[in-house]
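See structure below.
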Amino acid sequence: MKALGARSAFYVGFLVGTCSLYLLLRQAGFTRDSGSREPGTHDKTLLEMLEEENKNWKKERSALFNLNHPHHTGEDGALADSLYKRVRILCWVMTGPDNLEKKARHVKATWSRHCNIVVFISSVDNPDFPTVGLNTKEGRDQLYWKTIRAFHYVMEKHSDEADWFLKADDDTYVIVDNLRWILARHSPEDPVYFGRRFKPYVKQGYMSGGAGYVLSKEALRRFVEGFRTKVCTHTTSVEDLAMGQCMEKIGVKAGDSRDTMQRETFHPFVPESHLTGTFPKTFWYWNYCYYPIVQGPQCCSDLAVSFHYVDASHMYLLEYYTYHLRAFGYKYRYQPPEPNVKAPEKVETRVLEQKDKVEAQEEENQSPELNDKL
């Protein structure tokens, strides 16, 4: 018994001593770390970052409305801010329940903050994220059906709140400010859409689904009307090709999204594939691109708009390269023409006039009820 008691006392003492040493070292380490940092330089907690991020969004009708155009304090973003107000872009992102944490949340935290409105389209509703559920199945064979339903949804819910309507996947990275520069030269009242232009099967070409594509307000209206009149139908699961065939039938032009030096802005692969990769001559890509393919540094515009197959970590890398990294002492080598923002400005005036007419009509419709009450 004495041996057992002595052994128990030893273990208890060892445990108490170990715990005391751990607490002492932990406190010493905390003090040392705290002392080595300047006041106010502590890293933000995850909770603080999330709270700061949420301040930029207003959640309404299962959509996220940006409350301001994000850019760095002290940075001259006057032109970007002006375009943000005049060239209003709704971005809807194709995702699914299994991809919200793996992919969609990284889109939400990076490039989508530069859209005016963001809608995440899924097969089921998720009010917390939020996503709009279209009661569709998941899978590649459902892509065009989800696309049809999504454009109908944004037409019904948000047609007066944006001028352009961008479709992107949850593994597509988009530089929305560069997209505004392209769109500012065009009126949203013109039937046109832009993206990475492919050429087979459609006379005027069609836009790559993975690189994303953007419809003008008039193109969106015609697309929805095309299904009502059965000019367009859901006959294939190949989303981008079917979209292009429908666009041609309803008189929506496939626009040229290249910059003034004829360099591509929408890209169906990650940057390194275009910059350093060599596509085999047997690769389908050579036969699909509407314009000649250029590999290497001239592959991509300095004002590139999108890249596809971008994983979560590369979302943040591209965000850093685009909005943070600068080489000291250099001016931009590419001086693009100033965007013409007059056309969207006129459209905004027409939209306001239309809203006034609608409000006046609503007042007339309500007046008999008011008279009855009086």
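Placement of Cβ uses the backbone N, Cα and C atoms for every residue, glycine included.
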Checklist entry - According to Swiss-Prot, Met94, Glu138, Gly139, Arg140, Lys146, His308, Tyr309 bind UDP; which one of Asp169, Asp177, Asp190, Asp259 is listed for that same site? => result Asp169
Next on the checklist: Need the cross-check against Swiss-Prot: the disulphide partner of Cys91, picked from Cys19, Cys115.
Outcome noted: Cys115
Checklist entry - Per Swiss-Prot, which of Cys289, Cys300 is disulfide-bonded to Cys299? => result Cys300
Checklist outcome for this item: Checking Swiss-Prot: of Cys246, Cys289, the cysteine bonded to Cys232 via disulfide is Cys246
Checklist entry - Looking at the binding-site residues Asp169, Asp171, which sits with the largest number of other Cβ atoms within 10 Å of its Cβ? => result Asp171
Next on the checklist: What whole-number Å value do you get for the CA-CA distance of Asp171 (Mn(2+) binding site) and Cys91 (disulfide bond)?
Outcome noted: 14
Checklist entry - What's the CA to CA span in angstrom from Cys91 (disulfide bond) over to Asp169 (Mn(2+) binding site)? => result 10
Checklist outcome for this item: The rounded CA-CA distance in Å from Cys299 (disulfide bond) to Cys232 (disulfide bond) is 34
